[in-house]
Structures are given as C-alpha cells and as structure tokens.
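**Student:** Have a look at this one.
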Amino acid sequence: MPSFKVTLINETEGLNTTIEVPDDEYILDAAEEQGIDLPYSCRAGACSTCAGKITAGTVDQSDQSFLDDDQIQAGYVLTCVAYPTSDCTILTHQEEDLY
C-alpha cells in the first residue's frame, strides 16, 4: 500500500511538519495518530472546521459534501475526508479564509 509525505503548515500555530500518510487513510486521522492537533468537528466532510488549502500535490476528497466546485478549484480541502494521492503540502486552519 503506497503512502505519501504530507506537509502540514500553519505559521500562527507554529506547525511545519511532514508526516507519512497511507493512501487509504484520511489526513486528519493520520495527523492525530502522530500527535498533531488539527481542528475538526463533524469528521464526515459536511462542515468546514477542518478546512485546509493545498499548495502542492493532490488529494481525493470525494467523500466531502460541503465545499463547492469553486472552493475545490481554489485548492481547499477537508482534511477529515481527504486521502493523499501524491506527496502534498497543506496549509491548515483555513476555515475563516473560505468565506
């Protein structure tokens, strides 16, 4: 099973960490298993609490039901239902920037 390097960045939170995430595990779950505290609420892709923004790489977030096409095109991702499909970099704690 392939895994990918996911870099999680948020200057305000002092976060700049790269973790290995299997391609069948949600990024939020993998981060928590490695002791990284990211925001979340529903864990089902139905709200925006866990929103991040991809600056490099790709994910599969087909389970999400909250983001519209424009937000997805802009790079927003819900980490609670996002599987990595390549090495990627995600700016975390982006909920306020969605609106």
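Glycine is treated like the rest: Cβ placed from N, Cα and C.
As annotated in Swiss-Prot:
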| type | residues | note |
| --- | --- | --- |
| BINDING | C42, C47, C50, C80 | [2Fe-2S] cluster binding site |
| DOMAIN | 4-96 | domain '2Fe-2S ferredoxin-type' |
**Student:** Quick one: among the binding-site residues C42, C47, C50, C80, which has the most Cβ atoms sitting within 10 Å of its own Cβ?
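**Tutor:** That would be C50, with the highest Cβ count within 10 Å.
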**Student:** Give the helix, strand or coil assignment DSSP yields for C47 ([2Fe-2S] cluster binding site).
**Tutor:** coil
**Student:** Other residues near the [2Fe-2S] cluster site, CB within 8 A of the CB centroid of C42, C47, C50, C80?
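**Tutor:** The surrounding set, listed in chain order, is L28, Y40, S41, R43, A44, G45, A46, S48, T49, F66, L78, V81.
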**Student:** For the domain '2Fe-2S ferredoxin-type' (4-96), report the average pLDDT of the model, please.
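**Tutor:** Value for the domain '2Fe-2S ferredoxin-type' (4-96), mean pLDDT as a whole number: 98.
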